[in-house]
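Positions annotated as domain 'Fructose-1-6-bisphosphatase class I N-terminal' by TrEMBL: 6-181. Summarising the annotation, TrEMBL assigns Mg(2+) 1 binding site to Glu84, Asp103, Leu105. The feature Mg(2+) 2 binding site is assigned by TrEMBL to Asp103, Asp106, Glu268. Sequence annotations record features per position, and here TrEMBL assigns substrate binding site to Asp106, Gly107, Ser108, Ser109, Asn196, Lys262. The domain 'Fructose-1-6-bisphosphatase class 1 C-terminal' annotation in TrEMBL covers 186-319.
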Amino acid sequence: MQTLAQTLKQQATSDSLTQLIFTLAETSKAISKAVRHGALAGLLGATEQENVQGETQKKLDIITNDMLKGALKGDNSVHGLASEEEDDVVAVNQGGEYLVCFDPLDGSSNIDINSLVGTIFSVLPAVEGELTEQSFLQSGRNQVAAGYVLYGPSTMLALTTGHGVQLYTLHPETDEFLLTDANMSIPKDTAEFAINMSNQRFWEAPMQTYIADLLLGKIGPREKAFNMRWIAAMVGDVHRVLSRGGIFTYPTDNKNPLKPYKLRLMYEANPMALLVEQAGGKASTGYENILDIDPQEIHQRVAVILGSANEVDTCLSYHDIDYSEEPSL
Ligand SMILES: O=P(O)(O)OC[C@H]1O[C@](O)(COP(=O)(O)O)[C@@H](O)[C@@H]1O
Ligand SMILES: [Mg+2]
Ligand SMILES: [Mg+2]
């Protein structure tokens with residue numbers, strides 16, 4: 001089986017990007033070990049701290065953030081970094097070619113129940129001049145690499161550098177990432193959806209109607225039975241979509257009018273959107289392709305609908321309908 005180094009070489013990845021990917025991959029091995037120690041190392045549970053987004057930080061959120069920040073600071077290919085767990089962007093090396101945005105631990109609420117968590121990352125080109133938040137505010141189309149590491153029954157790295165999506169599995173004995181899927185491909189059609197149904201009453205009309213039609217199964221307008229899955233870690237839900245298809249959405253809701261979206265653009269939606277597009281799927285907010293969004297701030301949140309191309313198109317068609325008039329039954 002091919003190693004990560006062999007695959008990157010075959011794709012003619014530049015030395016500096018290869019170095020950065022190795023920094024991320026090596027750190028994820030250390031995170032994988034830390035996560036596995038769990039309660040044995042007293043790593044579970046919450047801290048007294050909140051991040052800039054008002055979320056209580058878990059101990060592992062902070063530990064994994066510090067691990068990635070420390071490793072990236074030691075990599076001279078990195079110009080700056082931005083993280084879910086950092087209030088502001090962090091300057092790294094003056095001459096670095098890349099900016100890295102990351103969610104050090106996605107699915108934090110799963111930590112204490114020993115369920116799926118992961119790390120998500122996005123790599124952008126550095127821009128001239130002093131590093132500011134503005135340097136990072138580039139559309140997702142600019143990403144030169146994106147990926148995630150899933151800390152599940154096995155540790156897996158899904159990566160794109162613009163040559164499709166490659167999936168690597170960490171060998172537990174040799175501690176090496178080996179290529180186990182050279183070209184992940186999302187089937188165009190699906191009968192599986194992922195959404196947090198408990199928010200149903202807070203969704204907008206297009207999502208209400210779309211999901212209601214899925215739930216009607218064979219007797220509804222879709223004339224097809226759909227199954228539902230929700231891992232509560234985007235990294236796990238997107239991995240399932242990349243592995244066997246499906247549609248995943250965290251749509252707009254009015255539960256808290258000040259926070260209509262949940263997922264973060266720069267280190268959740270954008271990297272996952274690039275992976276999904278590279279695997280033949282689609283990613284949208286309902287009204288705009290995620291990769292075309294012009295970011296306004298580093299911790300910006302967006303609505304996300306992604307997965308099997310035909311199913312995403314069907315979902316988007318519900319967003320073209322005018323719901324202001326009562327539907328005729
Ligand atoms: O708690 P909910 O509504 O099920 O939300 C789950 C979503 O929140 C997230 O856990 C947010 O990520 P973090 O754990 O990094 O804050 C997503 O991974 C996941 O899709
Ligand atoms: Mg997350
Ligand atoms: Mg997180």
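All positions are counted from 1 along the displayed chain.
Keep in mind that glycine also has a Cβ here, set from the backbone N, Cα and C atoms.
Structure coloured by features recorded in TrEMBL.
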residue	record	Cβ within 10 Å
Glu84	Mg(2+) 1 binding site	25
Asp103	Mg(2+) 1 binding site	28
Leu105	Mg(2+) 1 binding site	29
Asp106	Mg(2+) 2 binding site	29
Gly107	substrate binding site	21
Ser108	substrate binding site	23
Ser109	substrate binding site	12
Asn196	substrate binding site	14
Lys262	substrate binding site	19
Glu268	Mg(2+) 2 binding site	26
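In this model, the domain 'Fructose-1-6-bisphosphatase class 1 C-terminal' (186-319) carries an average pLDDT of 98. Residue pair Ser108 (substrate binding site) / Glu268 (Mg(2+) 2 binding site) shows a Cα separation of 13 Å. When the C-alpha distances from Asp103 (Mg(2+) 1 binding site) to the binding-site residues Ser109, Asn196, Glu268 are tabulated, the minimum falls on Glu268. Across the structure, Gly107 (substrate binding site) and Glu268 (Mg(2+) 2 binding site) are spaced 11 Å apart at their Cα atoms. For ligand 3, the nearby binding-site residues are Glu84, Leu105, Ser108; that is, of Glu84, Leu105, Gly107, Ser108, these have a C-beta under 6 Å from one of its atoms. It is 21 Å from the Cα atom of Asn196 (substrate binding site) to that of Glu84 (Mg(2+) 1 binding site). Note: the CA-CA distance between Glu268 (Mg(2+) 2 binding site) and Glu84 (Mg(2+) 1 binding site) rounds to 9 Å. According to its DSSP assignment, Asn196 (substrate binding site) is coil.
Within 8 Å of the Cβ centroid of the substrate site, not counting the listed residues Asp106, Gly107, Ser108, Ser109, Asn196, Lys262, the chain contributes Asn110, Ala232, Ala233, Met234. In this structure the C-alpha atoms belonging to Lys262 (substrate binding site) and Leu105 (Mg(2+) 1 binding site) are separated by 15 Å. Ligand 2 lies under 6 Å from the Cβ of none of the binding-site residues Leu105, Ser108, Ser109, Asn196, Lys262. Taken residue by residue with DSSP, Glu84 (Mg(2+) 1 binding site) is part of neither helix nor strand, so it is coil. On a Cα basis, Ser109 (substrate binding site) lies 15 Å away from Glu84 (Mg(2+) 1 binding site).
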